[in-house]
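Asks: Starting off with a structure, shown below.
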Amino acid sequence: MSVAPIDFQQVEKRYDDKLVVDGLSFHVQPGECFGLLGPNGAGKTTTLKMLLGITHPDAGSISLCGEPVPSRARHARQRVGVVPQFDNLDPDFTVRENLLVFARYFGLTAHAARALVPPLLEFAKLESKADAKVGELSGGMKRRLTLARALVNDPDVLVLDEPTTGLDPQARHLMWERLRSLLARGKTILLTTHFMEEAERLCHRLCVIEEGRKIAEGAPRMLIEAEIGCDVIEIYGPDPVQLRDELAPFAERTEISGETLFCYVDNPEPIHARLKGRTGLRYLHRPANLEDVFLRLTGREMLD
């Protein structure tokens, strides 16, 4: 059996008196895209810092690429590429120079580093921007350059922290296509994201954490079927509490978030009949998705 590229076992981390990671366990299989989801403050960033050996756990065990962390984190990181949440590209360098300089951090010779640049530029679709300064790039181009830079050491594992935050839909879809191509090449990916569509499209499995604890784990479709299992009618109106009292008898379950009432239904027709022709209301009937799972598990929207 091959060694899991990432393995967390009963990991804990405290800051002062607050337990920010509480007995967290998960593992990532070779060639898998594994998502780590949770609201702000759930412990995702601390988890990534412990994985990379930047922060030391107070209890539990961590291994990365078969190496114990933090004791051999430096060795493990030689086989890891990291895309941070915020771009840390060098603005004084060109696109090409950013790749060349970063390659030298991994001990590559100047000749080997120069040989890497053309295929990385092609991968990032930045061939025409090789000699442009970072400040001349769009947000999507910067994210693709950061991803290309993370590949200079041909890593086995990629750790991506919010890889498409701040990108427009077109740039986000291009980033997803690049990530899928890496999975097709056998790379292992751990990613945090606030975008449920992103998690559903990319992740083979995911783990939802809240207050440092794992509250669900599994394939996206499995979680949707287990936690929701039916269609959803979203109703937008001025008095969701009154609407809930009226429509609850015709739904399997109802939830309110802001001014929106969510009705989870096996048969939508009774609710459709009662909403038809009403003024001041908007509603949408759709299949259940990961956003519904998140709301169900945490009681909060993802972006809080």
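Cβ coordinates are placed from backbone N, Cα and C, and glycine is handled just like the others.
Sharing the record's features from Swiss-Prot:
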- 6-236: domain 'ABC transporter' (DOMAIN)
- Gly38, Pro39, Asn40, Gly41, Ala42, Gly43, Lys44, Thr45: ATP binding site (BINDING)
Asks: Return one of helix, strand or coil for Asn40 (ATP binding site), based on DSSP.
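Replies: Once the DSSP labels are grouped into three classes, Asn40 (ATP binding site) ends up as coil.
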Asks: Using an 8 Å cut-off from the Cβ centroid of Gly38, Pro39, Asn40, Gly41, Ala42, Gly43, Lys44, Thr45, can you name the remaining same-chain residues around the ATP site, in sequence order?
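Replies: Those within range, site residues removed, are Ile209, Glu210.
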Asks: Tell me whether Thr45 (ATP binding site) sits in a helix, a strand or coil according to DSSP.
Replies: helix
Asks: Within 10 angstroms of the C-beta of Asn40 (ATP binding site), what count of other C-beta atoms is obtained when all protein chains are considered?
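Replies: The Cβ of Asn40 (ATP binding site) has 11 Cβ neighbours within 10 Å.
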Asks: Please work out which residue of Gly38, Gly41 has the most C-beta neighbours within 10 angstroms of its C-beta, and give that one of the binding-site residues.
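Replies: Of the binding-site residues Gly38, Gly41, the most buried by Cβ count within 10 Å is Gly38.
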Asks: State which of the following binding-site residues has the fewest other Cβ atoms within 10 Å around its Cβ: Pro39, Gly43.
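Replies: Checked Pro39, Gly43; of these binding-site residues, fewest Cβ neighbours within 10 Å: Pro39.
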Asks: Within 10 Å of the Cβ of Ala42 (ATP binding site), how many other Cβ atoms are there?
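Replies: Other Cβ atoms within 10 Å of Ala42 (ATP binding site): 23.
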